[in-house]
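Trainee: My questions will all concern the structure given below.
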């Protein structure tokens with residue numbers, strides 16, 4: 001998100017503040033339903049409300065979504081490892097996948113929750129460090145970063161267009177971003193599984209409401225880091241000057257170029273924390289869904305005994321298998337374009353229809369399985385076409401400069417040749 005803010009402005013920070021109205025909705029409307037049923041897989045609700053076929057359809061859709069997102073999330077920290085150590089992206093992905101799969105398999109969801117706490121704190125420290133370092137390098141400190149961002153049109157909040165083809169407006173970020181956030185927190189196996197680890201719904205509600213300010217803080221720091229990097233590179237953009245190939249590599253490039261080895265390690269650890277805490281939770285949720293929605297039902301159907309000991313072993317084996325699959329998906333992620341846009345597209349296209357199915361089941365008593373299946377399939381087709389269909393409208397980028405680069409004249413000449421081709 002820092003790279004996206006660098007090139008499009010802090011307008012994107014609105015995404016994180018949708019939690020103000022999302023968290024109470026999740027706590028009051030969705031969470032009590034899952035706690036009352038005491039489910040491991042949230043798709044058990046769909047079977048009891050509609051039927052087995054809808055449960056399997058929605059579970060498969062979520063399984064696909066989580067797999068794809070895990071691949072994207074696994075690729076993101078490999079950029080940092082590649083930029084700071086020179087290790088190839090393939091080897092970086094392999095190392096990260098092995099580490100994450102190992103501790104997710106050995107410790108299960110409890111290990112994931114414990115590491116999430118430390119990783120979250122490390123992420124805040126890493127982002128704050130970048131902001132403070134840039135603030136010390138420029139005139140005016142933190143205020144100077146804000147002033148430079150304003151001069152570069154990075155603080156523009158005026159876009160209230162209703163045009164659905166414009167990617168970032170007030171309405172797309174608040175309504176679209178709010179819907180994505182609601183689907184992620186309310187009806188996503190990853191998040192619900194985390195909340196279900198506490199003893200009752202009251203504790204889960206407190207945890208969820210306390211999580212809102214933390215998410216907003218991390219989101220603001222992430223976006224402000226993007227503004228800080230713009231202040232650092234306002235006269236010599238590293239992408240246009242061909243020092244890096246994509247803005248996704250901006251944070252690791254800054255750390256490798258400007259910071260001492262000790263601070264590089266801190267920042268890279270923070271980048272890893274941002275991704276690995278999510279990846280490990282996703283891997284555990286994939287194993288839980290596969291176990292509860294496919295493995296156990298098959299054993300019951302054929303009358304085969306499935307003991308708790310066997311279930312634990314199977315869950316660990318599924319986590320390893322999922323880790324291998326996500327490894328290959330991460331290798332494909334480098335061909336998908338901007339990581340944040342890809343992640344939002346995947347989650348919006350699949351998570352949106354899933355949110356609609358759960359909400360329909362909770363508020364409409366007359367909804368039946370056949371009609372809901374037809375609606376789900378139709379929604380998936382339309383949403384996937386909207387997210388990944390072509391031609392796609394271009395997303396405008398804010399201006400950058402290379403006037404301060406050592407060989408800016410040659411760079412501008414080369415850029416003009418590229419534009420004329």
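Using N, Cα and C of the backbone, Cβ positions are placed for all residues, glycine too.
TrEMBL annotations: computationally assigned, not manually curated.
A quick note: this is a predicted structure, and the numbers were derived from the prediction, not measured.
So TrEMBL lists the following for this protein:
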TRANSMEM  6-31  transmembrane segment
TRANSMEM  52-75  transmembrane segment
TRANSMEM  87-109  transmembrane segment
TRANSMEM  121-148  transmembrane segment
TRANSMEM  168-187  transmembrane segment
TRANSMEM  207-233  transmembrane segment
TRANSMEM  263-291  transmembrane segment
TRANSMEM  312-333  transmembrane segment
TRANSMEM  339-363  transmembrane segment
TRANSMEM  370-390  transmembrane segment
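How about a rundown of where these features are and what they're close to?
Mentor: With a cut-off of 8 Å between Cβ atoms, the residues of this chain six or more beyond the transmembrane segment (6-31) that come close are 149, 153-157, 159, 168, 170, 173-174, 177-178, 181-182, 185-187, 192, 195, 201, 204-205, 208-209, 211-212, 215-216, 218-220, 223-224, 226-227, 229-230, 233, 247, 250, 358, 362, 395, 397-398, 400.
Sequence-distant contacts of the transmembrane segment (312-333) (same chain, six or more residues past either end, CB-CB distance under 8 Å): 67-68, 70-72, 74-75, 78, 90, 93-94, 97-98, 100-101, 104-105, 108, 279, 283-284, 286-288, 290-291, 295, 339, 342.
Residues 1, 3-4, 29-30, 33, 42, 45-46, 49-50, 54, 58, 61-62, 64-65, 68-69, 72-73, 75-76, 167, 176, 179-180, 182-184, 186-188, 248, 333, 372, 375-376, 379-380, 383-384, 386-388, 395 of the same chain, all 6+ positions outside the transmembrane segment (339-363), place their C-beta atoms under 8 angstroms from a C-beta of that stretch.
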Trainee: Look over the recorded stretches 52-75, 121-148, 168-187, 207-233 and say which has the most C-beta pairs under 8 A to the transmembrane segment (370-390).
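Mentor: The stretch with the most contacts is 52-75.
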